[in-house]
Amino acid sequence: ACIDHRQIIMAILGFHIVVSLIVLTVLSKIGSRASFLKILVSSLVRYIAPSNDELRALLPPVVETRAKQRRKRKEEEDANGFNVPRQLPFTLKKAYVRVEELEKFPLYSSIHWICLFVPAALFVFVLSDLFLLWNPTSSDMNTSFIWLIVGLAFCLQILARLTALLLSGEDEKSLLFSLSILIFFALFVFTVFVDRIFDISLLDAYTHLRTVAAEMANEEVAIKPESPLLLYISLVVLYTTIGCSLIFPSLRFATMFQGAYANADPFGKVVLPSVVLIPLVTIVSFSHPFRLYMTEGRRVWMTMEQLQVLRINLCLVWCFLRLCFFRQFLQVHLDLAYDKVVALQRQSGKIRNIQLQSMIFQYYSYLCPAIAQFLIPIALVLFLSLLLKGTTGLAFVGESSAIAETTSNIASLSTVFNTTVCRSMFSFSLLSIVMLDFGLSLVGLVYNSYFIRTV
């Protein structure tokens, strides 16, 4: 019988690797030409600053006798700028955002590739999940986990670049330092008491890792230290670093949320608060009282597996809802240029034309970092939710599949990072990111609602 060469390749490499290779090939071919970012920004409208000639036309005429003097004055104004009244009644022109213009701005390449990578990783994960649902006994290496881990690393790299880009002034550095101290102490208290309040089982994962480490070292007793203090400190330092990189995105989100809520229609005013409240519901769903009430109360509402799936679904719904409001939130950022001009025209005095034009243009030039601040927290929660779902064998439909664990080789990854460790590690990571994003966004909302209005 004739065997198709595609079946031979599938048999040698496995389904997951073949799918990954196909997607990587497609990405390498269309990566420089295709752009999902163009779909996201195509309906955004930006404001164009008035040109020098348009500003001069609104100024009172200057009487000069000689053409040479007029020519010299215009050359000096073009080189050094000229003063215009703040109350000058100029209007801002509008234009649609073009991806070709964004290519000149900072962080464009990062958001371009993250907008390509996230759909590709989702596609690989969905195909792998469907394959495991159809063939749960498959022992092929699931490469979709590699895609998700690479996506996490990519997001953290973008957050690091974004934080470095924004640390240009002393005010930003002081804000980052002050909130970093608060984040460190909050995370330390959270990490130490996490097993008492939340359904994370961090100590069970630590005990398993110590046991595996002792067996790998051929020791009969567990490796010291028995205290998880070193683990706590390591986790606190790691997530404090991540939390510091989430400060500016969360504060930016709070500003955009308030503007989007003020401009929303009645339906939007009903749905928009869920973008802020769903993370709070997610945090509550991880708590022990909620778990006991839902799974062990007088009336059992769901099984433990269904509760874990509910937590993941809450995170996925939050990601979807936040992405649905992408245009409204980013348009609020671009509208800040118009709001700034309206506030300027209420003031007295004069302003240099160059300063006025740069003030209007800066919001457009900052669009790529603003997009990164909006999308990266979504991508982080998405990747962590899918990793938690995949590594613990949870299923959105049907029965959950057991993750195969190899006992012949103690050093194998499936033995070291078993279901207990993966569930604890990714649940802790997901809960930490959600709490940091929710807490910092709440700080931004309180600051914008109270302090800015009272100043």
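Here the Cβ of each residue, glycine as well, is placed from N, Cα and C on the backbone.
According to TrEMBL:
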| type | residues | note |
| --- | --- | --- |
| TRANSMEM | 6-27 | transmembrane segment |
| TRANSMEM | 111-133 | transmembrane segment |
| TRANSMEM | 145-167 | transmembrane segment |
| TRANSMEM | 174-194 | transmembrane segment |
| TRANSMEM | 229-249 | transmembrane segment |
| TRANSMEM | 270-290 | transmembrane segment |
| TRANSMEM | 310-330 | transmembrane segment |
| TRANSMEM | 363-388 | transmembrane segment |
| TRANSMEM | 425-447 | transmembrane segment |
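If you look at the transmembrane segment (363-388) against the transmembrane segment (229-249), you find at least three C-beta pairs under 8 angstroms, all six or more positions apart, and that counts as contact. Looking at which of 145-167, 229-249, 270-290, 310-330, 425-447 has the most CB pairs under 8 Å to the transmembrane segment (174-194), the answer is the stretch 229-249.
A Cβ distance under 8 Å defines the sequence-distant neighbours of the transmembrane segment (425-447), meaning residues of its chain 6+ beyond its ends; these are 179, 183, 186-187, 190, 194, 198-202, 205, 235, 239, 242-243, 246-247, 250-255, 257-258, 276, 279-280, 282-283, 286, 315, 377, 380-381, 384-385, 387-388, 391-392, 417. Residues 20, 106-107, 110-111, 113-114, 117-118, 120-121, 124-125, 173, 176, 242, 244-249, 369, 372-373, 376, 379-380, 383-384, 386-387, 390-391 of the same chain, all 6+ positions outside the transmembrane segment (145-167), place their C-beta atoms under 8 angstroms from a C-beta of that stretch.
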